[in-house]
Amino acid sequence: MGKTGIQLFDDSRNGFFSVSDLGFDSSLNSSNYHPIGGLFASVNQTNPFASLSSSDLSNRGNNSFSTQLNDLYTKYMPGKEEEEEVVNGEKRKRKKKGGLTLKIKIANPSLRRLLSGAVAGAVSRTVVAPLETIRTHLMVGSGGNSSTEVFSDIMKHEGWTGLFRGNLVNVIRVAPARAVELFVFETVNKKLSPPHGQESKIPIPASLLAGACAGVSQTLLTYPLELVKTRLTIQRGVYKGIFDAFLKIIREEGPTELYRGLAPSLIGVVPYAATNYFAYDSLRKAYRSFSKQEKIGNIETLLIGSLAGALSSTATFPLEVARKHMQVGAVSGRVVYKNMLHALVTILEHEGILGWYKGLGPSCLKLVPAAGISFMCYEACKKILIENNQEA
């Protein structure tokens with residue numbers, strides 16, 4: 001029989017407690033016994049913390065095997081204190097908060113961003129799902145004429161679960177889209193942003209261009225799903241399901257049909273994404289400059305993200321109104337607009353400037369908290385997903 005071994009203490013880890021490095025070798029020859037350093041319980045009094053980690057285990061013989069778990073760290077900070085850090089040549093104070101902090105080690109930076117974006121999209125969509133449900137009921141005129149009446153009607157007939165009806169489908173759609181959007185923004189923004197103290201080589205802000213790229217990427221990824229979703233809703237009985245709809249559209253109408261009407265959607269999405277990310281990036285820089293702190297807390301990120309969402313929604317809402325007017329322009333009794341500029345001018349002439357912002361309130365009710373929660377979750381996940389042990 002082979003033996004298994006566990007090394008219980010290893011002071012070289014300097015305070016790490018690890019169970020996911022826990023591995024074992026089993027050898028047919030008892031003389032080939034190789035204990036694998038796995039469970040560490042040595043705690044440093046000056047910086048006590050616990051960690052769950054794993055390392056790549058190599059084969060220790062022809063007749064041996066090993067098991068390993070994912071990298072998972074927890075770090076406990078016993079008290080509140082301040083420490084100084086140097087950022088771009090300036091000394092800034094950073095608060096260290098007590099509590100238990102979870103760290104997950106993922107070496108690939110792209111994977112860290114994608115996972116953070118997916119979590120951000122799923123959480124933000126779930127949190128605002130009740131608002132989306134109430135807004136949908138108001139649009140179709142079911143359940144009441146006000147948000148309060150609709151909420152009471154849903155709670156009476158369906159309970160809390162009624163507020164989250166259809167949320168799983170939205171999460172499946174939004175999570176990968178948000179992951180790609182945030183990944184593209186951060187990647188492009190880092191590539192285009194000049195080093196500290198140097199002038200930018202491009203005439204427009206890097207975050208504005210990166211936001212536009214993020215909007216284009218997100219739209220290109222999700223547009224076929226939106227089109228199929230619309231077909232399934234309107235043309236009931238034609239398709240058996242989502243995969244059948246995809247196959248029939250590609251087979252009978254061609255792959256380009258999946259992107260029919262893409263241009264108007266880009267006109268609506270890209271300006272919002274560009275201004276949203278530009279506002280978020282600018283507000284974060286302004287906060288750092290004002291507070292003299294490099295680290296931005298979760299509550300501050302929530303407020304900054306919400307404010308960025310409000311600013312971008314207000315700035316681009318006239319384009320959204322014009323786009324919707326163009327979509328219904330062929331209906332009897334309505335003006336047929338030549339282009340978006342013509343639609344904007346016509347709305348201004350007939351309804352005044354307030355016509356550009358009709359419906360802004362209900363739209364912000366959903367978009368503003370969703371933007372804040374999404375950015376907060378994204379930044380929080382980036383702090384949890386680390387590259388190496390030193391970041392713990």
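These residue numbers are counts, starting from 1, taken along the chain as shown.
Placed from the backbone N, Cα and C atoms, the Cβ positions cover glycine too.
As the structure is a computational prediction, the values presented were derived from the model and not from experiment.
Taking Swiss-Prot as the reference, the stretch among 204-224, 330-350 described by the feature transmembrane segment is residues 204-224. The average pLDDT for the repeat 'Solcar 2' (202-286) in the predicted structure is 86. Tertiary neighbourhood of the transmembrane segment (113-133): same-chain residues 106, 151, 154, 162-167, 170-171, 174-183, 186-187, 365-366, 369-371, 373-378, 381-382, 385, selected by CB-CB distance under 8 Å and a gap of 6+ residues from either end.
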